[in-house]
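What Swiss-Prot records for this protein:
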COMPBIAS  108-117  compositional bias 'Basic and acidic residues'
REGION    108-135  region 'Disordered'
Amino acid sequence: MNLIEQLESEEISRLGKTIPDFAPGDTVVVNVKVVEGDRKRIQAYEGTVIAKRNRGLNSAFTVRKVSSGEGVERTFQTYSPLIASIEIKRRGAVRRAKLYYLRDRSGKSARIREKLPARASARKAENGTQKTEQA
C-alpha cells in the first residue's frame, strides 16, 4: 500500500461512515442533506444503482429513477458529507457491473429481477454435508 492509499484509508476510517454493501441492480434510498436558504433538510432519493465506482475516498455511485415519466440519474460521492444515510430497499439480480442499457428501456423491459435470499433448508443441508465430510 503506497502513501496516498494509506492516507485515504485513514481518512475513511476517521469519517466513521457506515456504508452498506450494495451493488448495481439494488434499489436504494439515499438521504441527502439539502440547504435551502437558511434551512437544512434531508431529501430522500430512491432509485436503482446503475453504476458503482470503487476508488477509495473518491468512490462514487450512480442512482437512476423515473420521475414523472422522465429518467433522472444522480451521481453521489460515497463518502460525501452531504449524504446522511444509504438504505437498501431491494437486492437486484443482474449480470453486469454497469447497467447503462437501462437508459434506453422503459416499462416492463427496464425491470430487474429480485435476488432472493438462499433458502434456510438448502443452507442447513449444505452445512450438514460439510460437517460429515470434515469428520
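Using the three backbone atoms N, Cα and C, a Cβ is placed for every residue, glycine included.
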Report, as numbers and ranges, which residues of the same chain sit near the compositional bias 'Basic and acidic residues' (108-117): CB under 8 Å and 6 or more residues beyond its ends. 25, 48, 90-94, 99, 102
On the DSSP side of things, how many residues of the compositional bias 'Basic and acidic residues' (108-117) fall into helix, strand and coil, could you say? 3 helix, 1 strand, 6 coil
